[in-house]
Amino acid sequence: MTNPSDLRGADDAATLQIESDHRANAVLEGLPPSEAEPPAGDARSLESIGRGELLRRRFLRNPSAVTGMVIVLLLILAAIFAPMLYQYGPFERDLRNALTGPTQFHWFGVDENGYDVFARTMVGLRISLVIGAGTALLTTLLALLVGTIAGYVSYKGRWGAFVDGALVNLINLFLVIPGLLLLMLFSPVLQQASWLWMIPLLAVFSWMLTARVLRAMTQQLVRTEYVEASRFMGVNPVVTIVRHIIPNIASWIIIDTTLGVSAAILGETGLSFIGFGIQYPNVSLGTVLQGYNISAPWTWIPPAAVLAALVISVNLMGEALRDALDPTSGSSRV
């Protein structure tokens, strides 16, 4: 027969384990020490709280995260549904009211060419959002492909060292190539095509630093026991990378991709502003700002404010994601 004292001992051990897990979760969630103890009679419910739920709570407890998320969502909704509010389309001219300030028909005023600033700002916002998100995703895919392969094969003998060295040299080559100069050279040729050409053109000169970081992280993970066991069992390297390496660097990838959106938007806006990005008949926030008139502030303040709100909000979300995914980051300890 089982000794009742043994059962009590097992129950006590289980309770202590749950309490320990709760304290660890409390640290991850950023709770004060006074709230680190599990409530009485609620030990079993603690087991049902997963990491995803803790990360969601931690993200939503950050005021900057909520503010940034709300602003980004509002801007996305404005970019999608703004055409329903147009009095004048983005390519319709109202020359009689050129350089007229905001009115009930032109909410942001009219530029010197007779274009409605509100309509062009919303169209530019939509295109800039697509370019920012597309460039960030493509940049991450390129960096993930090169970085994980280079880091994984670096410990596979001479052939692995050769492949790793070739990929590192490729990264270094792209780092020293004057990307801005090449963008200026290629953009006039591509300006007559779809504005989607900006996505691969920006991504091809933006992936290198991310790839170097991912290579270093992969090299550390290759030395872990579970990755070595997978290799010794003859598991396909692609399967090993997808199952064991990418999930362990996913947090950093999410953060870098989020911050990459704002970087891509700023890059496209800058190129369009100086005449080497998206040009007529397409519109972006950069082309709207390009037509500014210093004596008519309504021609540049609204698009500049939208651009600033978008970039700052995305950065706030990126910082909040970093704090939620990495509880040891500096700002999360404040």
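Every residue, even glycine, has its Cβ placed from backbone N, Cα and C.
Panel annotation: around the transmembrane segment (65-86), residues 59, 116, 118-119, 122, 125-126, 129, 306, 309-310, 312-317, 320-321, 324 of the same chain, lying at least six beyond its termini, place a Cβ under 8 Å from a Cβ of the stretch. Annotated transmembrane segment per TrEMBL: 65-86 (among others), in sequence order.
The feature domain 'ABC transmembrane type-1' is assigned by TrEMBL to 125-318.
Same-chain neighbours of the transmembrane segment (127-155): 75-76, 79, 161, 163-164, 167-168, 170-171, 195-196, 198-200, 202-204, 206-208, 210-219, 221-223, 237, 240-241, 245-246, 253, 256-258, 260-265, 267-269, 278, 282-286, 307, 310, 314, counting only residues six or more beyond its ends whose CB sits under 8 Å from a CB of the stretch. Marked as transmembrane segment by TrEMBL: 127-155 (among others).
Within its own chain, the transmembrane segment (167-189) has Cβ neighbours under 8 Å at 146, 149-150, 201-202, 204-205, 207-209, 211-212, 215, 271, 276-277, counting only residues six or more beyond its boundaries. Marked as transmembrane segment by TrEMBL: 167-189 (among others).
Summarising the annotation, TrEMBL assigns transmembrane segment to 195-214 (among others). Tertiary neighbourhood of the transmembrane segment (195-214): same-chain residues 127, 130-131, 134-135, 138-140, 142-144, 146-148, 150-151, 171, 174-175, 177, 179, 182-183, 186-187, 249, 252-253, 256, 260, 263-264, 267-268, 271, 277-278, 282, 284, selected by CB-CB distance under 8 Å and a gap of 6+ residues from either end.
TrEMBL lists 253-278 (among others) with the feature transmembrane segment. For the transmembrane segment (253-278), the residues of the chain that approach it from at least six positions outside its boundaries are 127-129, 131-137, 139-140, 144, 183-184, 187-188, 191, 195, 198, 202-203, 206, 210, 213-214, 246, 284-287, 289-290, 307, 310-311, 314-315, 317-318, 321-322, 325, judged by C-beta separation under 8 angstroms.
The transmembrane segment annotation in TrEMBL covers 298-317 (among others). Here the transmembrane segment (298-317) has Cβ contacts under 8 Å with residues 64-65, 67-69, 71-72, 75, 99, 101-102, 108-109, 111-112, 117-118, 120-121, 124-125, 128-129, 132, 258-259, 261-262, 265-266, 269, 285, 288-289, 291-292 of the same chain, all six or more residues outside its ends.
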